[in-house]
Amino acid sequence: MAQDPVRVLVTGAAGQIGYALVPMIARGVMLGPDQPVILHMLDIPPAAESLNGVKMELVDAAFPLLKGVVATTDVAEACAGVSVAVMVGGFPRKEGMERKDVMTKNVSIYKSQASALELHAAPNCKVLVVANPANTNALILKEFAPSIPAKNITCLTRLDHNRALGQISERLGVQVCDVKNAIIWGNHSSTQYPDVNHATVKTPAGEKPVRGLVSDDAWLNGEFITTVQQRGAAIIKARKLSSALSAASAACDHIRDWVLGTPEGTWVSMGVYSDGSYNVPAGLIYSFPVTCKHGEWSIVQGLPIDEFSRKKMDATAEELSEEKDLAYSCLS
C-alpha cells in the first residue's frame, strides 16, 4: 500500500543547517525509504529569495519521495497540517550580546511559533528544537503550545551523543556503529555531561565496556568530556561556520529513532521534559538516555550513577534552571 505523505516543517530552512537537512528528509533519511514527504520550509522575509532558491533545487533534485514543497515566510501557512516540526530557526548570539538579549529574542520567536503550531499543526505533531538555547527554546514552545503533549516537545542532543560515539570510535580504532549507549545528560551547552560509564563496544569476543577498553580514566573523565562539550566551537574555528551537516544528520537520527524505534538493547540521548528521573528537577527540558517504541520515548531507568557523574548532572541541571528563570523573566 502506498503511504500517505507526511508533512514535515523545517524553520530557518534557507540557513546552513536547513540547506543540509532538507535533502536528507526528501531522500528518506529521516522517516524511512518508503515514507513520502511534503516539505514545509519557513524562513524570515529577508531570506525569502534564498528560500525560493532552495525550493528550486529541491525540484531539480527530482526526489522520488518528495510529494510537494511549501516555501513561505508566513508562519501559519508553514505550520498547516505538519506532523513533524524541526525548529532550526532562531536568533544566534552575536559578538557583544548579553545572554539575556539573546534569550529575549528567542523567547519572542518561540512564543509566536508555538502559537502557530498550536493553531495549525496536526494534533499529534512531534517537535524537535535545534536552535540554541535549544533546551530552553523547547520549554518556551511547550508553554505556548499547551495542546501539543509535553512528551512531543524535544530538543536536539543527538549531535552531542553522536560526537561522543565518534570520539570513542576514533580513540579505540573501531567502527562507530559498534559503539553504543553513551549518554548526554543535561543541557545542549558546554555544561552537558557526556557519560560513557554504561557504553559498550561490540568486539569479536562480545560486548565490552568502553571504560575497560579505553583503560584511561584520566582521558575519559577529562579530555574526552571537554572535547565533546566544545566540539561545536572547534568546528567553527576550523570551518569559520558552525556545524551544519552533522547537526542535520543528528536531527534525522533523532526523529527517525523516535518515529521508527531504537534497536533492541540500544538507547540514544534526547532532550525531553523531565519527570524527576535521576533526581533531575521536573519541568526542565533535560537530555536523558531514552529508548523509543511505537512513536513514544521512555527514559532508561535504574542506571547506577557515581559521585563524579552526579556532580556533573547537577551542574548542568542548575544551568538549565537559571536559563529557565531568565527566559521567564523575558516573558514578563
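Every residue, even glycine, has its Cβ placed from backbone N, Cα and C.
According to TrEMBL, the protein has these features:
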ACT_SITE  HIS188  active site, proton acceptor
BINDING   GLY12, ALA13, ALA14, GLY15, GLN16, ILE17, GLY18, ASP43, ASN106, VAL130, ALA131, ASN132  NAD(+) binding site
BINDING   ARG93, ARG99, ASN132, ARG163  substrate binding site
DOMAIN    6-153  domain 'Lactate/malate dehydrogenase N-terminal'
DOMAIN    157-326  domain 'Lactate/malate dehydrogenase C-terminal'
> Helix, strand, coil residue numbers for the domain 'Lactate/malate dehydrogenase N-terminal' (6-153) per DSSP?
Replying inline: 69 helix, 28 strand, 51 coil
> Rounded to the nearest angstrom, how far is the Cα of the residue listed as 'active site, proton acceptor' from the Cα of ASN106 (NAD(+) binding site)?
Replying inline: 16
> Across the domain 'Lactate/malate dehydrogenase C-terminal' (157-326), what does the pLDDT come to on average, as a whole number?
Replying inline: 97
> Going by C-alpha positions, which of the binding-site residues (GLY12, GLN16, GLY18, ALA131, ASN132) is nearest HIS188 (active site, proton acceptor)?
Replying inline: ASN132
>> If you count other CB atoms within 10 A of each CB, which of ARG93, ARG99, ARG163, HIS188 wins among these recorded positions?
In response: HIS188
> Given the binding-site residues GLN16, ASN106, ASN132, which one is most crowded in terms of C-beta atoms within 10 angstroms?
Replying inline: ASN106
> Taking the Cα atoms as reference points, how far is GLY18 (NAD(+) binding site) from ASN132 (substrate binding site) in Å?
Replying inline: 15
